[in-house]
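Feature annotations, reproduced from TrEMBL:
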type	residues	note
DOMAIN	262-355	domain 'Transglutaminase-like'
ACT_SITE	C270	active site
ACT_SITE	H329	active site
ACT_SITE	D352	active site
Amino acid sequence: TGLSIQKCDLMIPENNKSHHTEEISTERLIVRRGQPFTITVSFSAPVHNYLQQMKRTFLIVHTGSHHYQADEIQTEFPISSLGDQKQWSAAVQEQDPNFWTLCVNTPANAPIGQYILLLRASKPPQLLGSFTLLFNPWCRDDEVFLANEAQRQEYILNQDGIIYQGTENAVLAQPWDFSQFEEDMVDICLTLLALGEHFQREQDPAQRKSPVHVCRAVAAMLNCSEFRSLTECEPGQHHDGIPPSKWLGSSPILRQWIASKFQPVRYGRCWVFAAVLCSVLRCLGIPTRVVTGFTWAHNTKSSLSVDEYYDEDGTLLTQDRSARVWTFHVWNECWMARTDLLPEYSGWQALDATCQEKNKGPSFCGPAPVHAIKEGDTQVDYDVCYFFAAINAKCHVWIHKADDTLKPAFGGTKYTGNNISTKSVGSERCEDITHNYKHPEGSLQEKKVLDKAYRNMKELETTSSSTAQFISIPTAVEEPVNLFIHLQSNSSLQLGQDITLSIEVFNHSGGEKATHLVVGIQALHYNGVPIAQLWKEEFHFNLQSNSVNNLQVSVPYTWFGKELGENHLLRLTAVLRDEDSFYMYLAQEEISICDPPLTIEFPENMVQYEPSTAKISLQNPLMEPLEQCVIAVTGRGLIYRHRNYRLGSVQAKSTQELQVPFTPTQAGPRRLTARLTCLQLQNLKSYRTTNIAAA
């Protein structure tokens, strides 16, 4: 007779702890591939002839739900006394007549997802239980293996993120809660993956072996099909949803998507797509980080040239072109071996879930080996050419004259792909990783790489008309060296501060010059779309030969403070016209207006389960009261879900304090995040991390 099973203990606490999944669940078995797990099977009648029974006993695993479907993967394997580390196998570790303890091995390239585990010693097989299998960065044979433990802690296990915004000279750190291990997140992530596969028409479960496949399916689902889970909006146009800058973390977005039966969540921008993608991939076991690049050429369709257009007063024009220079852009990097490519392309892969206009293929980009982007290997999969163009394109500036003609603006050329940054491992510092993407500016290697990229793209152009094309950089118009303009200002200002501008105009020519100068300030969305011209002033002066004219201009806050836009970015421009030759010169600077301080203070020596109080102070730097102030407070292990505190008005030039009582439920480093909204300011965020001693 066959074995009759009384019960099966999946030993969930012990297994999940050794597989680094205990934060996901202590109620269900979640294991990582390529690493054994242990179960105990108890029998309803004693088993005496153990070896004979063992030879007739098999384990069965199959993907999917309780009933095996034809399109699922099923594997049957014997129980032996040894087991095989490299494939599905089971070995008896301990046995007596009433129970067996089995050690189950999973292959390091098994498809991830939900599995059912059965024991067959007689007909029909008996259900032992179900488990979830994830990628395993701790396993040397897994494609996502990451050798450094501190990096695994950061890129898989850390739920507290920082996303960088602002400008390259004034980087702003914004907190984000990845919440990849919150209850039900693993199921939501697997649902997202399954729907992504469905819409990509790639529904073979065996493809889930590959981290490349999983990255592409999840990125497609986030933004790039009609069934996407997040909707993009034009900046400022989010009255029928939540503004992108209001979100504090990924789980509310993903939960809303599930609760609404897969309706797109409104709204996201690039940093929201990247943050949610990071949460999903970390949850599934792929080491992932969020990366910000400043001065990013978007939608160039892989051309190495992008144009900006201004009118004669220095006002940025949209020209209704989708290709434009963004102040910053946020994407992801995932760590994996690229078994489909040469070995040097393994390591960090760039993945961008924000919609791109492409000549063919899906509208997300990647995974693209960062090494291939750096070396200009633009033919490598996937989409290396788009990343390469976005961070290497030259931006040429044109003046759109009143008579509808275009004139080049000298001195206005901008270079893209600056200060590429990510949160550093194990700390809240910003790490500059530009050197991973680019050789030093002006170096011989940089020139070689640009030349190689042109050659690659020229070949592709001739072999295939549908392939993305690099339009070579147009030869710059010879710049006359007669006049030179230099514009200087603080790269960041506190809210309420006036702007001080310094403009220097140099005349290097041999004769006197009659000049016309227009200085202006414009509010800008982060994606290069102008909001409004806030101020401008004109100057006429004659410049003596080989002389300098120095202007100092102060612009009061009241002239520009009302129309800052949600990203608080200003573009300063100075357009100089040589009245004799009609040559135009342009200088530009970007300023980030910093929000007033929202400071968080903790008492010293806080202990788990002991009541405590945090103090949040809001300083109003303006000459008017901040009206209808609400502070939302959140912090995993410190506060349940989140709380709202209504402060009413905070008087001009005053500080208001808020006491937040809480009882920490979890020990270790814990972050408290506060978000202020009021009539004058939207979604000002602050965060502070503290260490909670274990009880």
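The backbone N, Cα and C atoms fix where each Cβ goes, and this holds for glycine too.
In sequence order, C270, T292, G293, W296, H298, T354, A390 are the residues of the chain that are 6 or more apart from H329 (active site) and have a CB within less than 8 Å of its CB.
Remark: secondary structure over the domain 'Transglutaminase-like' (262-355) totals 18 helix, 43 strand, 33 coil, with classes taken from DSSP. Every protein chain shown contributes to the tally, and the Cβ of C270 (active site) ends up with 26 other Cβ atoms within 10 Å. Cβ neighbours within 10 Å of D352 (active site), excluding its own Cβ and spanning all shown chains: 27. Taken together, the residues of the domain 'Transglutaminase-like' (262-355) have an average pLDDT of 92.
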